[in-house]
Amino acid sequence: MIGNISKNYTPEEIKEYLSVLQHESTLAFIPALIYLSLLIVVGSIGNCFVLGVYWTKMPRTPLRLYIIVMAIYDLPTNLLVIPGDIYDTFYVWDFDMPVVCKLRRYFNAVCVMSSIFVLVAIATTRQVTITQAKVSSIVMLVVGLVLSIPYSVIHGSQTILTPVPGIYGHFCQVDDFYVTTKWPLLNSAFFILIFITCCSSMIVFYICIGYKTWKHRQIRKELKIVGKTSRFEESDSVLDSSSAIGSTDGQIQSTNLGSLQYRQQMASKRLRKKGVYNIELYYCNNRKEVKDFGIEKKNSLFKKPTKKVSLVEETNLNRTTKRRSIFGRTSWMMITVSLVFIIALIPFLGLNFYKTAAPESYASLKGISLALYQLFSRSYLLNSAVNPIVYSLLDRKFRKECFKLLTCYTK
């Protein structure tokens, strides 16, 4: 390691000069400091609400359990990781505590790594139980703890050049021992590989969810057509029994009935292609209903138990549509959280790779370019504060419970 003691400068002169450089750097870091301060305030309050509402006010489901786990990672990020980054900005030139640097970088990497694993798990909540979600949360934490070790090992105290020859500063970055090796570049490439793998998995899972939802809604739509036809047939039979109907009205009614019967036949045909069979009309509470006795797959080697679905009255169909829209809002909520995380992580990964691949270019950053680097290199912290905002906008129950908590505290 290069020392600071020079024949031309005393330790007091070196310290004074580094403090001048630090003052100049702090001015360039003002945008990053404002950004980080906002994240602390918004994220700390928001994640406390997330833990308080989802943990105590709502029934436990796999999705809500994963949301709680995300908040458990985000809250320490707001209270420990971000304040540590703020501390770094005030000690850019005279930070010489390698052990503290390693511990902070390790904790930082664990939170980020575990969070992206949880986002992948959220995309699979339809296939897991609450017990499986608990086990997978522990497994993801352990994997994050293990995979973050290399990131901690290569970091420490890095010696940085100053404009004055013979005077050097120290900063929490890749340790001097690893600066000239291939390990920082391999570590950055490893993080990018994990990021691409997790993002690809999330995209595939959400595409499958979207396709299944679309297919199910098409089946519901066709069954709704069948239900409307059956109700029209009932009213038509009542009208036919009355002698007050004229020939013109009867002609129109017959034409409409024929059109609806044709639509019913076409709808039933399309449903059979989707695997829905045995549609039968029956009376219940003086109203005709349409019942699908089973959904079975063609060309299957083994017969599975049929799933019974009952689609009745338009009011029931509207309730079903309402339930589907609520499910859609939940899916969009988690897709939004995933997109925010991905978009926020891309600048960090790119700048981290740039720093390790071109250290000389990185060392020459000054002024606005340095300020922008410091701001966007911390973009990955954004989701720790934005997640509660997304929940409040797209989860009606969470929003109502938050209002209840606020009114309780204000009284």
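From the backbone N, Cα and C atoms, a Cβ is placed for every residue, glycine too.
Automatic, uncurated: that is what TrEMBL annotation is.
Taken from TrEMBL, the feature domain 'G-protein coupled receptors family 1 profile' applies to 46-391.
Annotated transmembrane segment per TrEMBL: 28-53 (among others), in sequence order. Within the same chain, residues 67-68, 71-72, 74-75, 77-79, 82-83, 85-86, 89, 92, 366-368, 370-371, 374-375, 378, 381-382, 384-385, 387-389, 391-392, 398, 401-402, 405 sit at least 6 positions outside the transmembrane segment (28-53) and bring their C-beta atoms closer than 8 Å to a C-beta of that stretch.
Long-range contacts of the transmembrane segment (65-86) within the same chain, counting only residues at least 6 positions beyond its ends with a Cβ under 8 Å from a Cβ of the stretch, are 33, 36-37, 39-40, 43-44, 47-48, 50-51, 54-55, 104, 107-108, 111, 114-115, 118-119, 121-122, 125, 130, 133-134, 137, 337, 378, 381, 383-385, 387-388, 391. Among the features that TrEMBL reports, transmembrane segment is placed at 65-86 (among others).
The feature transmembrane segment is assigned by TrEMBL to 106-123 (among others).
Sequence-distant neighbours of the transmembrane segment (135-154) (same chain, 6+ residues past either end, Cβ-Cβ under 8 Å): 65-66, 69, 102-103, 105-106, 109-110, 113-114, 117-118, 121, 128, 174-175, 178, 183-184, 187, 190-191, 194. The annotation transmembrane segment is assigned in TrEMBL to 135-154 (among others).
Long-range contacts of the transmembrane segment (189-211) within the same chain, counting only residues at least 6 positions beyond its ends with a Cβ under 8 Å from a Cβ of the stretch, are 113, 116-117, 119-120, 123-124, 126, 147, 150-151, 331, 335, 338, 342, 345, 349, 352-353. According to TrEMBL, the feature transmembrane segment maps to 189-211 (among others).
Under the heading transmembrane segment, TrEMBL lists 332-351 (among others).
Within the same chain, residues 28-32, 35-36, 38-39, 42-43, 45-47, 49-50, 67, 70-71, 73-74, 77-78, 81-82, 85, 89, 112, 115, 329-330, 332-333, 336-337, 340-341, 344-348, 351-352, 362, 365, 402 sit at least 6 positions outside the transmembrane segment (371-394) and bring their C-beta atoms closer than 8 Å to a C-beta of that stretch. Per TrEMBL, the feature transmembrane segment maps to 371-394 (among others).
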Who are the long-range neighbours of the transmembrane segment (332-351) in its own chain, taking Cβ under 8 Å and residues 6 or more past its ends?
-> 63, 70, 112, 115-116, 119, 122-123, 188, 191-192, 195, 199, 202, 206, 373, 376-383, 386-387, 390-391, 394-395
Would you mind giving the whole-number mean pLDDT across the domain 'G-protein coupled receptors family 1 profile' (46-391)?
-> 76
